[in-house]
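**Q** Here it is: the structure, laid out below.
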Amino acid sequence: MEDDSLYLGGEWQFNHFSKLTSSRPDAAFAEIQRTSLPEKSPLSCETRVDLCDDLAPVARQLAPREKLPLSSRRPAAVGAGLQNMGNTCYVNASLQCLTYTPPLANYMLSREHSQTCHRHKGCMLCTMQAHITRALHNPGHVIQPSQALAAGFHRGKQEDAHEFLMFTVDAMKKACLPGHKQVDHHSKDTTLIHQIFGGYWRSQIKCLHCHGISDTFDPYLDIALDIQAAQSVQQALEQLVKPEELNGENAYHCGVCLQRAPASKTLTLHTSAKVLILVLKRFSDVTGNKIAKNVQYPECLDMQPYMSQQNTGPLVYVLYAVLVHAGWSCHNGHYFSYVKAQEGQWYKMDDAEVTAASITSVLSQQAYVLFYIQKSEWERHSESVSRGREPRALGAEDTDRRATQGELKRDHPCLQAPELDEHLVERATQESTLDHWKFLQEQNKTKPEFNVRKVEGTLPPDVLVIHQSKYKCGMKNHHPEQQSSLLNLSSSTPTHQESMNTGTLASLRGRARRSKGKNKHSKRALLVCQ
């Protein structure tokens, strides 16, 4: 077999088989059909991290990948707390989880991107680099996140933390790409962000009439888990990869025998990410009501049972961050997170407050988003820290992190926002708004009869609600310090120049929250006759 490929007019055609059909351009993934079930799939992976062999020629034709630092530059102890700027707990909780993602933090602290970045403004990677550097190098303090981090997303009210998380991840991925508009999907899959968070699904359909097999590979950055019938993350993953029978009206139209026939469909993870983002689907898309049930999740998770290739030994991930939502629906509540510092100690990051936490407390939360990293990756970064010079350990006086100068007390949530450090934060213009981004997400999806995120009340045009309680009545009893306050818009609303240009964002839900039974990308088919 020849190990080469041809690039013709935007189409990738592989010369690995005797007969090929023309592939459609601008494909997000490839579909391969075979006439019989082989003993070993020709698309099997040599390693979990790289693309499968038959897709490798595509990756080799692309620009070189950004290299991740081999050694850790991350301080061992926990960093700063984050000031709540008014309904921004969802921003703070998400940022803390990203800040304590070892591969991302080490890359940011190396400053490799900013030294070669050609964007004069609006670069999310540069903005995140400034934030992560400040957060990790200011233990015992409370810092104000840059307004540019949420520009185009935050509208003065609470939003969904997972949506903001993927908004940020997608913006960082776009910042890795060249400046020109037309970039193929394969280039996006070689970015720094895809190296850290990305992997590939393998959707395999076997025709029960001719035994032909169709393999479809689809990239992912996070994994959404249905928890309605699951008591644990492992059960939710088992349901996700459980074979599905296609028959009757749902019969499969086989591209080999060219007829509708019963088939078996199996979804598995073909390549594993360095960092897994597992999203527990707690909110109804229609009503916004929350599934407020306890779903067990382990400190160590073996992903091998859910991979395409078996019998290759355990693939162990360790938990390092948990994003928690406290409340009863997406319309109310409060977000905070737990993170694991490089030293191994867990901390609760609740806006400005940073307190030490036990693993028992971490594992007993009603988690919304779970962050796992491959055990080998975590150990590599931990060993690098232990060999290097560590900052001072977290003392008892730092356990409850509140600002010592101009202390941020929760009974005084109304604070005048200080000016941002100009040498750390870029000024940019806003092109993409949250409304536009959500419109792009929903344009191919059937919309409900009413808007579940509709603002129920109308405020005067000259006021802004600061950190309004999402618990309604319940928050007043348990968190009186988080009740609503008002701040003049003239002192808190970012100017047009302070907003960040994130560009036009592609649909995240159709890609990040992949449904088991649907293909949400255009496909290109390669018909193989053996």
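Yeah, the Cβs are placed from backbone N, Cα and C, and that goes for glycine too.
Copying in the features that Swiss-Prot gives for the protein in this structure:
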ACT_SITE  C89  active site, nucleophile
ACT_SITE  H334  active site, proton acceptor
COMPBIAS  382-392  compositional bias 'Basic and acidic residues'
COMPBIAS  398-411  compositional bias 'Basic and acidic residues'
COMPBIAS  493-505  compositional bias 'Polar residues'
COMPBIAS  510-524  compositional bias 'Basic residues'
DOMAIN    80-375  domain 'USP'
REGION    382-411  region 'Disordered'
REGION    477-530  region 'Disordered'
**Q** Reduced to three states, what secondary structure does DSSP give H334 (active site, proton acceptor)?
**A** strand
**Q** Within 10 Å of the Cβ of the residue listed as 'active site, proton acceptor', how many other Cβ atoms can you find? Include all protein chains, please.
**A** 22
**Q** Could you state the whole-number distance in Å separating the C-alpha atoms of the residue listed as 'active site, nucleophile' and H334 (active site, proton acceptor)?
**A** 7
**Q** Does DSSP give the residue listed as 'active site, nucleophile' helix, strand or coil?
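**A** Note: the residue listed as 'active site, nucleophile' is helical by DSSP.
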**Q** Tell me, how many other CB atoms lie within 10 A of the CB of the residue listed as 'active site, nucleophile', whichever protein chain they belong to?
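**A** Cβ-Cβ neighbours of the residue listed as 'active site, nucleophile' within 10 Å number 25.
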**Q** Any idea what the model's mean pLDDT is for the domain 'USP' (80-375)?
**A** 92
